[in-house]
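**Q** Quick one: structure below, then a few questions.
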Amino acid sequence: MFLRLALSCAMLTGGLGAAQTAPAAQASHAMPAARVSAAPAARTPQDTAVAQASQGTAVAQAVRAPAAPCSAPYRIDRTLPNGARWQLCWEMRNIEGLTLTKVVYTPKGNRPVSVLRSAALAQIHVPYDSGSPRYHDIGALGSTAIPLLAADCPGGERREQSVCVTTRARGHAYLKSGYEEPSVSAQGSDLVVFAAFQVGWYTYLAEWAFSDDGAITPRVGATGSLAGSTTTAGHGWPIGVGSATFEESHSHNVFWRLDFDIQGKSGDVVEQYDFSGSRTAKRKLKRTTFTREAKALNRRTRWWRVVDRGVRNADGHPVSWELNNSDSSQYRGPAGEAFTRADVYVTGYRSCERLASVNPAPRCAGSVDRYVNGERLTDPVLWVNVGYHHVPRDEDADPMPTHWQGFRVTPRDVTAKNPH
Amino acid sequence: MGRQRIVMALAGAGAVAVVGAALLLPGGQGSQAAEAAPREPVPGDPLTGAEIARAGDIASATSRAHMAAGRVNLLYVERDDGKDAEERRRADAYLYDYATDRLIVRTVDLGRGTIVKESVTRGVQPPPSKAEEVRAAELLLADPAYGGGVREAYARAAGRQLRSVADLGLRGLIFTPGQEGGARRCAAHRCVRLFVRLPGSTWLDTSRIVVDLSAKKIYTLEW
Ligand SMILES: [Cu+2]
């Protein structure tokens, strides 16, 4: 055990020293070739060959950093207090609003791993409990971005008025009691990128938290004002004086589109994990690999991951990101709203497939349920549907307190151990 | 319920209103445009203001007559972020022809200054543009049944008469008849559901009103 620990520490140090170099150069330059295949973010075996071949230029490449994929106002490059680094670009698109691209994570002492090529909201579907109205709240979201005040971006910087980039505490990263020595603990932090959009009565906060442990938490907060649409007792809740008027209950079914590209688009595979055994002592892991486009439903212990077997950590395990912790109300709409009938969709990348419903592109299917049509997966895109059933209460008026909904994306085997 | 139903939805005052009011005013395509000094964009950057203008010009070249007549509108220009064209600067210009109800998307290669792809289709409705929100509100104001109600509600909320659509905070979403009854013509037409915000953080209840931009008509949903 001790030996093994010492070994990985040495490796981490090696990685740290070379963290500023280009990945290919680094592989041959900073580490013995035998370790290349086991180093985080190394693609095997092709990239190993490339790395060795390019040894001659390694030093030159090590001197200057690779060009950023976007210019300064759109570039986010933040090293958090524990040494974890996140790099990405943002864009305020007309339709999807805040869009994050080229997301790269560098665990402390390790080499960079590219995670997401693109991530954005893909719909906010708001059906009211009486059956009407039924809004698809992603219109031209970009043009509804609210200029943020300094107070709206505490401790951070505002980019082009409407995007906030800041750092936020996230509580204990870990706490472990000592044997004879004092306990060890650390406070974690998040890089937070967010924008606010005014859609009718509602203000939507679109937030992305990138944690110093490699987790990504996308969430949407709904605030602003209630719609003020009244209904009968069966579809609402009395929020005015007395119980004459009933504010109508409704759902916010939020969809996100995540184009994972772990060290490039090739090699990404989506797996679903289940644990069989109910009212039994044993549970058994069951892995389902999606070879074709798929629709999947939430289950209590079910989770998914995007894994690239060509990219290994120092233990030789394939690098992956896990999708979990969705706390969805799992709204299922009528037949005409089939896009509400699954919680996760896995589709093959197509640039025209942008929104989960009311897709704005010509010569393309209209909703995410139709993007799933049996194609063999080579470059998977994940669509996550998280619903929140909003039953109004007196406290909602006014301004309405923010109610949040989202999910988590956590690293699984990106590093061989906790890279704290 | 019918056409009389314009009810004020009282939402109370809030800090949000202060921020929200200004940005709901109609205006140009500001959000996507880089506002900094001119600079050579790199492939992952949003389109610059100059690029948006140029892409719009190139994409509109063959539609000028229809555009002048108000039959075709340039909705907006969106950066083409497709994986197959990562190193190129390309822009998708969305145009809509209200007479034939066709969506035209022209992809402009900004490096070459030419249209490299055109897709024309019916029945696909991208979100309404700012100009369309204004037009929809103008149609609403001109409507004999609803126009008066909007003016009255505005006068009550603002303490003065409505001068123009610019006084209203507007936000539009596409309406397509699916699960909601009524306005069947919107299956083929370009139809908008408006949110109308008044001073003092109040909204009109316009959830049953649909504006048909193709037929220049107002429909009332029955539910
Ligand atoms: Cu709500």
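Each Cβ is built from the backbone N, Cα and C atoms, and glycine gets one as well.
I grabbed these lines from TrEMBL:
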- A:1-24: signal peptide (SIGNAL)
- A:72-419: domain 'Copper amine oxidase catalytic' (DOMAIN)
- A:D137: active site, proton acceptor (ACT_SITE)
- A:Y202: active site, schiff-base intermediate with substrate (ACT_SITE)
- A:Y202: 2',4',5'-topaquinone (MOD_RES)
**Q** Looking only at the domain 'Copper amine oxidase catalytic' (A:72-419), what is the model's average confidence as pLDDT?
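**A** Residues in the domain 'Copper amine oxidase catalytic' (A:72-419) carry a mean pLDDT of 96 in this prediction.
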**Q** Does anything in the same chain, at least 6 positions from A:D137 (active site, proton acceptor), have a Cβ under 8 Å from its Cβ, and if so what?
**A** A:Q123, A:I124, A:H125, A:V126, A:V199, A:G200, A:Y202, A:Y204
**Q** Can you see whether DSSP assigns the residue listed as 'active site, schiff-base intermediate with substrate' to helix, strand or coil?
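**A** Once the DSSP labels are grouped into three classes, the residue listed as 'active site, schiff-base intermediate with substrate' ends up as strand.
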**Q** When DSSP is mapped onto helix/strand/coil, what comes out for A:D137 (active site, proton acceptor)?
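**A** It is coil.
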**Q** What is the number of other Cβ atoms found within 10 Å of the Cβ of A:Y202 (active site, schiff-base intermediate with substrate)?
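**A** Total other Cβ atoms inside 10 Å, all chains included: 21.
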